[in-house]
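Worksheet for the structure shown next.
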Amino acid sequence: MITEVLTANQLKKEAPVFGQLSFDNHEQVVFCQDKDTGLKAIIGVHNTILGPALGGTRMYDYASEWDALNDVLRLSRGMTYKAAITGLNLGGGKAVIIGDPKKIKTPELMTRFGKFVHTLGGKYYTAEDVGMETSDMDTVREVTPYVTGISEAKGGAGNPSPVTAYGVYMGMKAATKFAYGNDALAGKRILVQGIGHVGEELVRLAAEEDAKVIIADINEERLQEVSKKYGAEIYRGEDLYAETADIYAPCALGATVNDDTINKLKVKVIAGAANNQLANENIHGPLLQKKGIVYAPDFLINAGGIINVYAEIEGYGREEIKSKTENIYNTTLDILNKSKAMNITANASAMSIAEDRIAVRKKEQL
Ligand code: NAD
């Protein structure tokens with residue numbers, strides 16, 4: 001296979017799309033540009049066997065277009081696994097818009113983006129992700145029905161982040177039970193990295209259970225605010241990854257479990273909201289297992305948000321959203337037990353269950 005013989009740099013030059021390491025049989029990748037509004041976006045449709053591809057739009061000031069492409073490919077693939085393991089009839093997709101949302105995001109740009117989404121005719125449904133607000137999805141809704149995460153006032157299920165946090169909390173408790181024999185978070189030292197929409201709610205839930213929550217963020221104002229609200233300690237050390245604690249909850253950006261950090265980690269459990277926490281699932285998953293660190297797969301425990309937005313398509317209500325999200329506890333515990341029995345990583349175990357579900361559906365469709 002081409003990806004095994006070329007270095008990453010060679011790949012960039014010689015096999016720019018199909019040869020990218022993050023390219024994993026994606027069905028379709030759409031590049032969208034509009035000079036008038038400054039829009040540059042990429043929509044990745046990874047897999048639509050279980051249903052239309054659903055995944056949020058991330059707006060970020062990427063260092064290069066390569067980084068943006070790599071991000072959308074990794075994220076859209078992750079969405080396929082997330083929907084499949086959660087039992088939803090959805091495929092995996094994601095979009096990125098290149099640029100600093102504070103500088104270039106305008107209603108005109110979001111409208112133009114919505115029109116591009118519309119051209120896919122329902123193969124891809126968008127939603128909010130980093131750099132997006134519910135109001136942006138409302139703008140997109142003006143030009144296409146293929147959008148979720150719109151405001152309750154406009155008939156949507158509203159901000160998915162509190163539901164995501166609740167699912168992460170459920171996954172964290174299941175992983176704690178697996179690691180410690182009971183799922184109580186009281187007294188546990190929990191490092192929450194990133195206290196944005198999801199992180200803050202996770203801090204609230206953990207603090208309510210009398211956990212010792214330590215928070216880290218690059219935004220000092222948020223740190224002060226969240227610390228005051230929930231009595232959380234602000235991390236002022238040099239290196240969060242080297243901190244001794246029970247649980248590390250990555251709730252900022254992905255790939256924080258990598259070659260640099262893996263040897264420093266002194267926690268018993270990793271359970272957080274960020275997508276793609278393992279820089280390389282084939283390397284860092286087994287290394288965590290070897291170190292005896294229990295890893296709750298991100299795409300499994302951060303599925304609350306997709307459960308919430310899926311409600312807009314399927315038309316189910318609050319109670320069902322809650323019970324489906326609560327079920328993340330059972331699925332996580334099952335997967336951790338299964339991976340132990342089979343001596344494989346929890347990530348690999350969750351991925352194989354998701355792949356089996358897709359394979360069965362594919363067979364039915366033949
Ligand atoms: P957000 O943008 O509201 O919050 C991210 C927070 O991380 C911000 O406070 C930011 O200042 C902080 N941050 C950024 N870089 C940091 C760093 N290097 N160190 C410490 N803090 C840093 O995003 P969110 O909606 O809370 O999502 C958090 C993560 O969870 C993202 O990776 C997102 O993709 C993932 N996720 C979110 C949802 C959802 O429903 N919002 C669903 C699934 C996955």
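The backbone N, Cα and C atoms fix where each Cβ goes, and this holds for glycine too.
Database features, via TrEMBL:
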ACT_SITE  K94  active site, proton donor/acceptor
BINDING   G194, I195, G196, H197, V198, G199  NAD(+) binding site
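Calculated from their C-alpha atoms, the gap between G196 (NAD(+) binding site) and K94 (active site, proton donor/acceptor) amounts to 20 Å. The two recorded residues, G199 (NAD(+) binding site) and K94 (active site, proton donor/acceptor), have Cα atoms 21 Å apart. In the shown protein chains, 16 other C-beta atoms lie within 10 A of the C-beta of G196 (NAD(+) binding site). For the binding-site residues listed here (G194, G199), the lowest count of other CB atoms within 10 A around the CB belongs to G194.
A straight line from the CA of K94 (active site, proton donor/acceptor) to the CA of V198 (NAD(+) binding site) spans 19 Å. A sphere of 10 angstroms centred on the C-beta of I195 (NAD(+) binding site) encloses 26 other C-beta atoms.
Excluding the listed site residues G194, I195, G196, H197, V198, G199, the same chain places S161, V192, E200, E201, L202, D217, C251, A252, A273 with Cβ atoms within 8 Å of the centre of the NAD(+) site Cβ atoms. In the three-state DSSP reading, the residue listed as 'active site, proton donor/acceptor' counts as strand. In the structure as shown, the Cβ atom of K94 (active site, proton donor/acceptor) sits within 10 Å of 30 other Cβ atoms. Fewest Cβ neighbours within 10 Å among the binding-site residues H197, V198: that distinction goes to H197. G199 (NAD(+) binding site) carries a helical DSSP state (H, G or I).
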